[in-house]
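Asks: Structure provided below as structure tokens; questions to follow.
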Protein chains: 2
Amino acid sequence: MKYGIALFPSKKLQDLVNSYRKRYDPNYALVPPHLTIKNAFEASEEEMKTISQELRHIAQEANPLKISIKKVSSFSPVNNVIYLKVEPTDELIDLHNKLHTGGLESKPEYSFVPHITLAQQLSDDEHSDVLHRLKMTDVSHEETIDRFHLLYQLENGSWTVYETFLLGKDCK
Amino acid sequence: MKYGIALFPSKKLQDLVNSYRKRYDPNYALVPPHLTIKNAFEASEEEMKTISQELRHIAQEANPLKISIKKVSSFSPVNNVIYLKVEPTDELIDLHNKLHTGGLESKPEYSFVPHITLAQQLSDDEHSDVLHRLKMTDVSHEETIDRFHLLYQLENGSWTVYETFLLGKDCK
């Protein structure tokens, strides 16, 4: 089964992000707006029991994360993904690193650029247009996220939440 | 903000249910296949802190639920909803009742008929056709569900998971 780990921002930010994704992100219907903190990985249901334990431990030792967004950016020319750039705070990088070591060891495909996708799979022209327009929008936003979610992917490509992990809670 | 509480069945069952929902359920993209245990209700984020505490307490005192599906049924003529009927075990009814008392007091619009929706908003003719066909399918299925999920609704109608609650776990 394919699993992934993500942070969901507040409803307010999700609604804003969806107003763009609706038009510009083919994955709009597959998962709510999110910040991926560990990319899709394969694990058996048996392995997930151990991994869940480890995630609880990691969550317990972490603190709620302040996230700060200042601008819209793009992964172009690597790919035409337009996103809200989330400032890479020490806390966020630390959580990302912990989710890629120990029983969760895996080498990320790309270096960690915390982001919330607004648009993807656009043609080069549409990508330039949308990026240009979004860059002129004020997207400044700050909030605190106090949990992360472990999700699994269904056959249709959509994601279901398996479990939430509260940051800084001392038992579960 | 609008919240709801649901059980997600196993990936296997979700994939099967989605194979029907894809064609016959306009809510297909808004939420994964689920068994609603408390219908949508309004609450402020402040109220949800107390409610979350209460949900933790309820989950802690409950046990994992065996669910058993034996047939396909319909809410017609009330509405054209076709669903997998989930046997109303004492444990399931008890959890439903606890989620409608105390700080969670609310009077359900309909009596509790545990179900997983396969199709809805069909014309009368299509409803009859699909129901007739599905009634001939063997849908026998049993599994154990060990958690429930509190979700909230975004402006586009889709649902994001706020938190999972593990049944029978003794702290969080």
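All residue numbers here begin at 1 and follow the chain in the order shown.
Cβ from N, Cα, C; glycine included.
Worth saying up front: this structure is predicted, and the values here are computed from it rather than measured.
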Asks: Of A:2-5, A:34-37, A:46-49, A:78-81, which span is tagged motif 'HXTX 1' by TrEMBL?
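Replies: That would be A:34-37, per the motif 'HXTX 1' entry in TrEMBL.
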Asks: Given the ranges A:91-94, A:107-110, A:115-118, which one is assigned the annotation motif 'HXTX 2' in TrEMBL?
Replies: A:115-118
Asks: What are the DSSP helix, strand and coil residue counts for the motif 'HXTX 2' (A:115-118)?
Replies: 0 helix, 4 strand, 0 coil
Asks: Just to verify a number: CA distance, A:H115 (active site, proton acceptor) to A:H34 (active site, proton donor), in angstrom, no decimals.
Replies: 8
Asks: Hey, what's the Cβ neighbour count for A:H34 (active site, proton donor) at 10 Å?
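Replies: If we count other Cβ atoms within 10 Å of A:H34 (active site, proton donor), we arrive at 21.
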Asks: Please list the DSSP helix, strand and coil residue counts for the motif 'HXTX 1' (A:34-37).
Replies: 0 helix, 3 strand, 1 coil
